[in-house]
Amino acid sequence: MNGMWLVRHGALPPNPERRIVGNRDIPLSDAGRNQIRRLARDFMPALAGRLAAVVSSDLGRCRETTSILLTGNEWAASPPPVHAEPGLREIDMGQWQGLTRNEIEQRFPGQYAVRGKDFARFRPEGGESFACLQERALEAVQRWRRQYPDGLVLVVAHAGVIRCLLAHYMALPLEEALNIPQEYGCRTFVPEW
């Protein structure tokens, strides 16, 4: 069987101020670890012996998610190769990372409104646009598809990355990517990638 399973990393620590996370290397929370342990228990046994490879964002929250997913006994005899892929990092929000919406509006007047009008192509200072993210993520998964053309690949990544990939594979305008649900620890199968 070939195809690609997309899994979003587990939950992060609470962020009541809603600071922009972007590609900052924030670890999983204890709740996120437990969430991924449940996913490993309920979902991963069906993939044992069937995965050609696991490709993960190189950020810690995805690498930890991958590690938890592959801890069951079913992987002991024949673990799949695991690859850390920088091309699957979450979007780089540049100088916006770590800021709240109010802080962004104070430091970069008018830019938040501009982003709302051109979500796909807007690029914060020092960061990247969602169009750039989609291009980067597609290049990464297509590179791994060439390496494992007939295999089933598990990709562990971030909400922005997965939404951009799914918008492409579902032939949706990138502007609709944020409408694609991506809860922590969710999984989506892409049969033709």
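All positions are counted from 1 along the displayed chain.
Glycine is treated like the rest: Cβ placed from N, Cα and C.
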> Which of these, Arg61, Arg63, Arg89, does TrEMBL say binds substrate at the same site as Arg8, His9, Gly10, Ala11, Leu12, Pro13, Pro14, Asn15?
Replying inline: Arg61
> What Cα-Cα separation, expressed in whole Å, is found between Arg8 (substrate binding site) and Glu90 (active site, proton donor/acceptor)?
Replying inline: 11
>> For a quick check of packing: other C-beta atoms within 10 Å of the C-beta of Arg8 (substrate binding site), how many?
In response: 26
> How would DSSP class Glu90 (active site, proton donor/acceptor) in three states?
Replying inline: coil
> DSSP three-state call for Arg8 (substrate binding site): helix, strand or coil?
Replying inline: strand
